[in-house]
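Database features, via TrEMBL:
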BINDING   Gly271, Gly272, Pro273, Gly274, Thr275, Gly276, Lys277, Thr278  ATP binding site
DOMAIN    250-521  domain 'UvrD-like helicase ATP-binding'
Amino acid sequence: MPQLAIDSTCLAQYDKLDRPTRERLAAVTRKFRELSLRALLAHPDLRIQALPAGQDPRIRTFRISDSWTGVMLAPESGETFLLVHLLPRESAEEWASDQRHDVNTVMGTLERRDATALEERSVAPGARPEADPALFSGVSDEALRQLGVDSEIIRFCRTLSTRDELADWGPAVPQDQYEVLIHLAEGMPVDQVMNEVVLPRRAAAGGRTVPPDDYDAAIRNTRHRVRLVKDDEEVDDVLGREFDAWRVFLHPTQRSLAYRPAFSGPAMVSGGPGTGKTVVALHRVKYLAENLPLGGKVLLTTFTNALVESIRRDLALLVGEELRADVDVITADKLALDVVRAQHPDVSMRRDADARGLFANVVGKQGLLWSADFVFQEYRHVVMAQGITTVEGYLDPDARRGRSTPLTVDQRREVWNAIATARAWLRRTKQLPTVELHAEAARILDERAERPYSNVVVDEGQDLHPAQWRTLRAAVSPGRNDMFIAGDNRQRIYDNTVSFKQLGIRIVGRSYPLRVNYRTTTEILTWADQIMRGQSVHELGTSAPEAPGSTRSLLRGNPPVLCGAADPAGELAALERQLRGWLADGVAPGDICVTTRTRKVLTEVVGFLRSRGLPVARFNPQHHTVDDSAGTVRVTTMHGVKGLEFRAIAVFGATAGALPLMEHVTGPELDENQHRSDLAAQRSLLYVACTRARESLYVSWHGEPSPFLPVG
Ligand SMILES: Nc1ncnc2c1ncn2[C@@H]1O[C@H](COP(=O)(O)OP(=O)(O)OP(=O)(O)O)[C@@H](O)[C@H]1O
């Protein structure tokens, strides 16, 4: 039976077809599924043509309409046709003639290269630069071959001297080999590239090498770029969802994690911004929901209400209504509130910061030497972080590990008394700060024989407080597939640090990095990475340094635009120019987001832009859905863009006095370690804001730029 497959390259093109052309394409693709190769080639309507002699005999072009041509790969062996590209008629044949499709025998995948461009490069005089050492001088031909790099690409590699040069050639190089090369160029050791790039692909090929003429097998193995379709509905579903490609085309590592039948305990997916951690979490939920035991339930949780909205909407694209009925998508705070309210209906939740005033009262009344801030921090970062319930627990020499201000035993008793007084008062009011609510929720859940969930999937895990983790841990029985955690400590923007080990979340041996950024262009990502340069980042939930290897994007675009103004008015005027520029370039207002460090500046920016007649809306992710201001430019705080993405991002007010914002940084006199940690969180905030951009990033300041900015 003939089989049709669609290459992901077609998605962006399909968007450009009008409805009659789409219908015509649907009729053609139907014939691909129904007719044998021989019958297809002879079909009078399709005008299937081979390329001129000497070019890839498997490639054919066919007519879709007067102005559109399809390009397909029709291997002589087997019965799988691959729809490779959709192109305007005048450019189709030339494009098709330049390309060659080959089976990567090591990885078992089908790859495409721009054979003409590569050929010209390797025969061009002076192709090998004078200025060796070449980019891959440290990697032998044999090692490259083992990683699936073929002879032609090895020759090509030997002509490269810089990473930028490699990136420029990216579109011409066979896709899987390109991923091998970018990691090698970053300095990743050969065996790590083997483990992270080659083996996941080979695993998808059933662990076998694939003969060079087995195109059928290669097409089936290349699920990260190629999708087999069986009916019109599937064709439309794949082609018509350019921006939802993540539903269909998973990176081999993403797929192997999301659809692994079993992890023997909690598993963690880490990886830089835009590497598809949320995507993996969503697919994992799909897998778990499809395999639930009778009466089972999955919890999918993330940090804020806005992110809940966003992943709920995405989950609906991936998982049908029936299955979604078994998935709760809520914040950890909502879970805790529900659990506690089931026993104490009159309890309400207040922000942790709102409890500060109460601590000030208690400290004043008890005439303590320490500031209310100090005692509040002991409460949040020691007592609640470690789940300490008795004075003995607080007096334990290990309790304050990581705090840099020493306290004698007597001093600890005094601090404990203040904390205990404040806690008793909080409990009487029934208005519990989130950490307190979680402590109660975890206690209630731990007493139950039956836990509410079969599996817990956590996104944006880096910002949860240990008390929140305790609730999540208690919501599922320890064991197979219990917890699946996605997070990135580089993006930690709140003041929480966590030890999974202490929380009974044992991920050792089950932590997996993602490396390919699908969101941001190489130019933006490379620039933004400099914000974090030299910062030691620990793996989420551990004190171990992050594993070597960095995140790379396969996308190209323009570098960020940096703008330093003399004064606030100049900065606002420059922002207006930038926004007008984007709108004039056809970027939809809803695809643009302006972020500010504080709410005050946000209000000023909204007021100014409105007064200039620009369509802007204040976007409060805590209260609004992500979609509700599609016709306006959104303006929000840097905290508000966490986990989201936009075509164009303007980071406004990256001024020395605002980043870091010292009023949100613990003074070194209170606690040196906390001071450093708070500063690191502010640096991450800038990093998070900048890495939300898909195509364009604009960063501005007035006066002195933030010391975190890589400028100058
Ligand atoms: N396999 C894929 N194919 C196509 N697009 C993908 C794929 N994986 C992720 N994406 C896209 O890349 C973007 C980033 O993905 P996602 O939000 O899951 O990354 P993340 O690692 O959770 O990001 P962050 O940590 O920065 O919030 C999204 O637009 C997503 O749709």
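These residue numbers are counts, starting from 1, taken along the chain as shown.
For all residues, glycine too, the Cβ spot is worked out from N, Cα and C.
Keep in mind it's a predicted model, so treat the numbers as computed, not measured.
For the domain 'UvrD-like helicase ATP-binding' (250-521), the model's average pLDDT works out to 93.
Counted within 10 Å of its Cβ, the other Cβ atoms near Gly276 (ATP binding site) come to 24, all protein chains included. Checking the binding-site residues Gly272, Pro273, Lys277 against ligand 1, the ones with a C-beta less than 6 Å from an atom of that molecule are Pro273, Lys277. The record gives Gly271, Gly272, Pro273, Gly274, Thr275, Gly276, Lys277, Thr278 for ATP. Within 8 Å of the mean position of their Cβ atoms, the other Cβ atoms in that chain belong to Asp488, Leu514, Asn517, Tyr518, Arg519, Thr551.
Shown in sequence order, Asp488, Arg490, Gln491, Asn517, Arg519, Thr520, Leu525, Ala528, Thr551, Tyr687, Val688, Thr691, Arg692 are the residues of the chain, 6+ apart in sequence, with a C-beta less than 8 angstroms from the C-beta of Pro273 (ATP binding site).
The secondary structure of Gly276 (ATP binding site), as reduced to three states from DSSP, is coil rather than helix or strand. In the three-state DSSP classification, Gly271 (ATP binding site) falls within a strand.
All chains included, 27 other C-beta atoms sit within 10 angstroms of the C-beta of Gly272 (ATP binding site).
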